[in-house]
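Notes for the one structure printed next.
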Amino acid sequence: MHTKTIVELAQGFKDKDFSCVELTQYYLNRIDQSDLNAFITVTDELALAQAQVADDKIASGNANILTGIPYAHKDIFCTKGVKTSAGSRMLDTFVSPYDATVSQKLNQVNLVMLGKTNMDEFAMGSSNENSFYGAVKNPWNYLKIPGGSSGGSAASVAGGLSCFATGTDTGGSIRQPASLCGITGIKPTYGRISRYGMIAYASSLDQAGPMTKTAQDAAIVLNVMAGFDEKDSTSVEQKVPDYTTHLNDSIKGLIIGLPKEFFSSGLDDEVANNIMAAVKEFEAMGAIVKEVSLPNLAYAIPVYYIVAPCECSSNLSRLDGVRYGYRAKNVKNLEDLYLRSRSEGFGEEVKRRIMIGAYALSAGYYDAYYLKAQKVRHLISDDFKKVFEQIDVIMGPVSPTTAFDLGSVKDPVSMYLADIYTLSANLAGLPGMSIPAGFAQNLPVGLQLIGNFWSESRLLNIAHQFQLQTDWHLKTPQEC
């Protein structure tokens, strides 16, 4: 049952093959037996109670396609009455008094929350090794990383521990783990999904999205997650289309742009071969391929690692050991309380980024670093605008390599370089997606799709058409 999609499980409920309670218990048993370390908190009692409500809804004829579907929620979304840690010691004891808007929306359609997934601390990381709760393992090979920061979410879907999961993407944190774990993940246009109650890392870059088995499932979940929210000042008041409507549209005549900068040195040969094979599949469906250029792509990493740390140093200043969160014991005075609570509560990578951000925002350096980074960010955005005048969608790799060994990358800069292909979509606020497109070294490879603003329907249509022609998304890890 753990390989079934949302559509297949909903049909199973309809045909009375199993009840919501039975399905939920099945998933809870799988989580209990798993050693992927994908979950921080398992909400078994809550899940079974929600499943019973869902069964009642189905029996009364008031169900929707998502009623009773078990999912995993990234532990960055506030959940009323349930621990919300963001993968940090700082929030290890924090129980949210309210629901994030995303949590609220998912509750309204009677989904079943199995638990909160493991993640890089405060979403800062590309390997899910930066969690206070330990590293997450890749279901395809337990010695490999699952990607980050939504590694627990990706591992839970790929490992058959949930039907789908929520994720967040600040610089690739949905797309990269989706790619490395062989699942489907979409980061919509900035402002499409409310950030209210989603613990902030970098406010101008953060965006939530679904992580699923298929593009069709992603469309179904995005229908619920998307929408304007007056509680979020960055939320855009734009009507949400039904993302399932155009899934079956023909993609004949689609113009695909391949940025030459995506295929330069540093890209693994086997990964490149898989990407080009996927592009040929689209050509066989009638798509047209053009080479394009994003000349400022090389600056995406330095720009991101100025802008994001600056925003995080401001956002995380609220965690001081006074109002909530970790508080150091036996402190001498208020200054000692701040100093020790933050130094003991935050992990190494979070402290590194706070320090970088505080330095870049300090007097005398603001113009040289932060202001300059924002100017180059606009240049990167302009590159995309010019490219989308000629094409419909950008395609390329998500990550330069497949999943690397746990503990093998010690140098932070080497870790940052792995984000080269994903960061630019966040800097420009564009929608991006990863879909399974093959294997290299027996590990999944994801194809990245980047669209123009508000083109989620088109991306999902393109992805769905690819999945009708290929079976990469149907592959499951032997360990699971």
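First residue shown is number 1, and so on along the chain.
Every residue gets a Cβ built from N, Cα and C, even glycine.
Per Swiss-Prot, these features apply:
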ACT_SITE  K74  active site, charge relay system
ACT_SITE  S149  active site, charge relay system
ACT_SITE  S173  active site, acyl-ester intermediate
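Of all the active-site residues given, namely S149, S173, the one with the smallest number of surrounding CB atoms inside 10 A is S149. The residue listed as 'active site, acyl-ester intermediate' and S149 (active site, charge relay system) have their C-alpha atoms 5 Å apart, to the nearest angstrom. In sequence order, K116, T117, M119, S150, G152, S153, A165, T166, G167, T168 make up the list of same-chain residues 6 or more apart from K74 (active site, charge relay system) whose Cβ falls under 8 Å from its Cβ.
DSSP assigns K74 (active site, charge relay system) to a strand.
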